Amino acid sequence: MVMRIQEDISLASYTVIKIGGPARYFCDVTDANELEAAVRFAAEKELLFFVLGAGSNVLISDNGFPGLVIHLRNDAIKIEGETAYAGAGVMMPRLAMVTVQVGLTGFEWGTGIPGTVGGSIRGNAGCFGGEVRDNVESVMVFDTKKVTRLAQAPAERASFKLQATSCGFGYRESIFKKRPEWIIVDATFKLKKINPATAQNIFRKIQKKSKERVEEQPIGEKTMGSTFKGVTASDDIIAFLRRANIAWQKGVNRRGFLSAGFLIEYAGLKGCRIGGAEVSSRHANFIINTGTATASDVVELVTRIKDTVKDKFGISLEEEIQYLGF
């Protein structure tokens with residue numbers, strides 16, 4: 001299959017929130033050779049590039065992106081013993097289902113992540129008490145700077161394996177956020193073999209939790225997922241909430257972070273709307289495109305949320321979403 005570079009492609013349909021202007025150039029990439037060709041194209045034209053996965057945690061400008069958008073579609077999965085190999089374009093729920101079907105446990109939590117393996121590694125995505133760093137063993141990385149420096153360098157010379165211990169995983173963080181020139185190609189996950197019936201039972205429990213989430217979160221609607229990161233529940237913050245007679249315990253998760261949605265709700269912002277963008281009435285950490293929202297509407301609403309939470313609680317919220325074209 002020959003990679004095709006397209007021009008002036010609307011990006012709204014490639015995001016879950018259905019917002020975004022056109023990409024000057026756009027291409028689907030399914031393997032390392034196509035990735036190399038795409039990066040070389042951008043280098044030759046002196047363009048910025050952006051790697052797009054499921055588009056579930058990104059806000060794209062109404063003006064679009066003046067460079068090349070590389071849409072990762074490498075979605076192969078291979079199982080060997082207790083190891084799962086997955087391309088960066090594999091959807092997390094699919095990987096979770098495949099591993100369970102072959103009697104592997106440890107990745108069931110991935111069914112709650114509406115994104116790709118690549119995007120989930122970049123943000124150390126987590127759900128139901130699990131995180132990417134709990135399972136990932138190594139990541140195959142494509143260093144785009146090597147391609148731009150070595151005009152005739154084959155793809156394999158630009159690729160290297162990074163062990164999980166070197167990925168700098170933290171709460172919704174990884175080294176890949178600090179090294180934009182690195183593109184995640186695929187990853188290896190270490191799991192455990194169990195009785196298939198037991199694995200299916202675990203998976204059913206996770207599926208039940210997923211269904212329960214639909215009642216608590218705007219699953220299936222046009223959103224960007226969680227808009228803000230949780231906040232470390234420091235002694236100062238807890239003391240402030242106690243003085244304000246706020247039942248802060250309800251907002252702290254098992255990892256000790258205070259839910260951004262909890263703070264936004266207490267700030268009275270559920271249902272707050274600017275243009276076509278609205279804070280979800282189900283879960284305040286989700287912003288919904290009600291049908292006519294623009295990126296400008298969302299940015300203005302994000303700013304209002306941050307300002308209001310800062311004024312009421314003295315807490316600075318940090319976005320979990322990624323911005324493109326601003």
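Glycine is no exception: its Cβ is also placed from the backbone N, Cα and C atoms.
A TrEMBL annotation is a machine prediction, not a hand-curated record.
Record features, source TrEMBL:
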DOMAIN    18-194  domain 'FAD-binding PCMH-type'
ACT_SITE  Arg172  active site
ACT_SITE  Ser226  active site, proton donor
ACT_SITE  Glu320  active site
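Feature map: TrEMBL annotations on the structure.
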residue	record	DSSP (3 states)
Arg172	active site	coil
Ser226	active site, proton donor	coil
Glu320	active site	coil
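Around Arg172 (active site), the C-beta neighbours below 8 angstroms that are at least 6 residues distant in the chain are Gly123, Asn124, Ala125, Gly126, Lys229, Glu320. Model confidence over the domain 'FAD-binding PCMH-type' (18-194) stands at 92, taken as the mean pLDDT rounded to a whole number. Cβ neighbours of the residue listed as 'active site, proton donor' (same chain, under 8 Å, six or more residues apart in sequence): Asn57, Ala260, Gly261, Asn285, Phe286, Glu320, Ile321.
Within 10 Å of the Cβ of Glu320 (active site) there are 19 other Cβ atoms, across all protein chains.
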